[in-house]
Amino acid sequence: MGVKKSLQTGGNLLNLLSSILTVLSTTTNYWIRQQGGHSGLWQECTHGKCSNIPCQNTLAVSAACMVLATTFSIVALGIGIRIQCQEAESRRSQNTIVLLFLSGLLLLIALAVYTSKNAWKPEVFFSWSYFFGWLALPFLFIAGFCFLLADMILQSTEAISGFPVCL
């Protein structure tokens, strides 16, 4: 297995892990814990009863960015797998790179907005769903860099393929 293939495999595995983490983070209701309950992006649960959270601008921005980040990450995973599986054609991975970095940026925005809204509240503690989002962030960027390096290797190979080399 060559370096390019190894980088693409590593990028796909990191993207798979970050996709799982962002899906779990987005869909679960354990972003914060407070006295008697917990809440997430969609519902607030108090003493065992869950109800939908009324619309708040900062929460809507966080939720929208999380959904877009998750969607872009999953689409990038599909494109990355397609690039890796089609050996006969040398495909550039620019779309995957853009989607991974955009997904990371959206995830960062969502988490920063949510943090700024809830960090100053007394008796509120961030929980595992929230931390899954932060855990997925470096994996997205590292996956993007793996595909970027693989694309640079492909580009350099194409550039020197017609160059006469004398050994």
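Cβ coordinates come from backbone N, Cα and C, glycine included.
Residues or ranges marked as transmembrane segment in TrEMBL: 12-32 (among others). Only residues 6 or more beyond the boundaries of the transmembrane segment (12-32), in the same chain, are considered here, and those with a CB under 8 A from a CB of the stretch are 38-45, 50, 63, 66-67, 69-70, 73-74, 76-77, 80-81, 84, 100, 103, 107, 114, 118, 124-130, 132-133, 135-137, 139-140, 142-143, 146.
Beyond its flanks by at least six residues, the transmembrane segment (59-83) meets 8, 11-12, 15-16, 18-19, 22-23, 25-26, 41-42, 53, 91, 93, 95-96, 99-100, 102-104, 106-107, 109-111, 113-114, 117, 133, 136, 140, 143, 147 of its own chain at Cβ-Cβ distances under 8 Å. Under the heading transmembrane segment, TrEMBL lists 59-83 (among others).
Feature annotation from TrEMBL assigns transmembrane segment to 95-116 (among others).
Annotation source TrEMBL lists transmembrane segment at 128-150 (among others).
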Distal contacts, the transmembrane segment (95-116) - CB-CB under 8 A, six or more residues away: 11, 15, 18, 22, 31, 41, 58-59, 61-66, 68-70, 72-73, 75-76, 79-80, 83, 126, 130, 133-134, 136-137, 140-141, 143-144, 147-148, 151
